[in-house]
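**Q** A single structure is presented below for examination.
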Amino acid sequence: MNRAPLKRSRILHMALMGTSDPSGEAEASEEKPFVLRALQIALVVSLYWVTSISMVFLNKYLLDSPSLRLDTPIFVTFYQCLVTALLCKVLSTLAACCPGSVDFPTLHLDLRVARSVLPLSVVFIGMITFNNLCLKYVGVAFYNVGRSLTTVFNVLLSYLLLKQTTSFYALLTCGIIIGGFWLGVDQEGAEGTLSWVGTFFGVLASLCVSLNAIYTKKVLPAVDGSIWRLTFYNNANACVLFLPLLLLLGELQALRNFAHLGSAHFWGMMTLGGLFGFAIGYVTGLQIKFTSPLTHNVSGTAKACAQTVLAVLYYEETKSFLWWTSNMMVLGGSSAYTWVRGWEMKKVQEEPSPKEDEKSPLGV
């Protein structure tokens with residue numbers, strides 16, 4: 001009866017840590033009291049919420065703060081990738097020097113592996129760059145709606161690239177998300193706060209998030225199934241690929257003329273943004289480990305709702321009833337899609353396979 005959860009835990013642990021069999025750890029967790037397990041889950045979910053929401057607000061400050069006036073979104077993204085790659089290398093070195101104290105896979109830059117990961121790195125660059133560009137041009141309150149089409153692109157690309165069909169109920173939830181997206185765009189326009197450029201970048205970000213998920217599955221074998229190794233190679237590749245963009249777009253010149261270039265506060269905030277970028281990958285995996293992929297998606301949807309409310313309160317904005325309705329449609333459609341897909345997967349797992357039905361009493 002417990003084989004499926006143990007297998008999920010084993011796969012997740014191997015992907016995150018690059019280690020082998022955590023079955024003993026899973027058994028130990030089952031022996032923990034309910035109150036302790038509930039407290040652990042509450043702390044992990046809270047950590048995910050705080051990290052994710054803080055990263056969005058901090059990036060908005062770095063990308064579009066009137067006090068900074070820093071118009072170098074590519075450099076901000078490049079620096080965050082650089083911090084992430086360096087952190088991965090530091091943790092790998094600590095794990096080698098202090099075995100047992102730090103659990104992190106060994107990292108060595110292999111050019112052959114870097115070339116294998118390169119197609120994914122290009123998509124990864126598009127994902128993080130378009131995410132930041134969307135956040136630069138739209139408000140934090142509209143940010144989730146602006147890049148809400150990831151689920152729709154997941155369905156579309158699964159059909160076009162993987163030839164996977166989608167059920168009617170899942171398509172219905174996608175229709176609700178699209179309706180919420182267009183209503184949100186309409187209401188932003190009615191309030192005079194719509195940025196078509198930011199919305200366009202949000203759609204591209206959604207597309208890249210979907211492509212990133214597909215290419216990640218293809219590239220993982222090249223890094224022995226380790227998410228941390230993939231994170232290291234993705235960010236290392238991104239640092240190299242960003243350099244010509246910084247020159248072509250003139251951001252190095254803009255940075256040279258930046259008034260706060262020598263400010264310790266500015267570089268502290270930039271580094272903090274990189275730390276949040278690294279941490280979000282860890283706390284996401286931690287939340288899935290202590291809950292489940294389905295619960296993680298529900299938590300992400302609830303976090304997006306809280307983030308929107310916080311943004312409206314923080315920036316002292318006034319939104320119409322239809323504007324809030326668009327957000328509820330996007331969040332409700334996303335939650336419904338997660339529930340439908342979870343229910344469908346559970347139904348498939350519970351159905352007996354044809355081979356089992358065909359077996360004789362002797363097991364032949």
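From the backbone N, Cα and C atoms, a Cβ is placed for every residue, glycine too.
According to TrEMBL, the protein has these features:
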type     : residues : note
TRANSMEM : 38-62    : transmembrane segment
DOMAIN   : 40-334   : domain 'Sugar phosphate transporter'
TRANSMEM : 74-96    : transmembrane segment
TRANSMEM : 116-134  : transmembrane segment
TRANSMEM : 141-162  : transmembrane segment
TRANSMEM : 168-185  : transmembrane segment
TRANSMEM : 197-215  : transmembrane segment
TRANSMEM : 235-252  : transmembrane segment
TRANSMEM : 264-284  : transmembrane segment
**Q** For the transmembrane segment (38-62) and the transmembrane segment (197-215), does the number of C-beta pairs under 8 Å, pairs 6 or more apart in sequence, reach 3 or more?
**A** no
**Q** Does the transmembrane segment (74-96) reach the transmembrane segment (141-162), going by 3 or more CB pairs under 8 Å (6 or more apart in sequence)?
**A** no
**Q** Same-chain Cβ contacts of the transmembrane segment (141-162) under 8 Å, 6 or more residues past its ends?
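**A** For the transmembrane segment (141-162), the far contacts come to 56, 131, 134-135, 170-171, 173-174, 177-178, 180-181, 184-185, 188, 193, 198-199, 201-203, 205-207, 209-211, 213-214, 304, 307-308, 311-312, 315, 317, 319, 326-327, 330-331, 333-334, 337.
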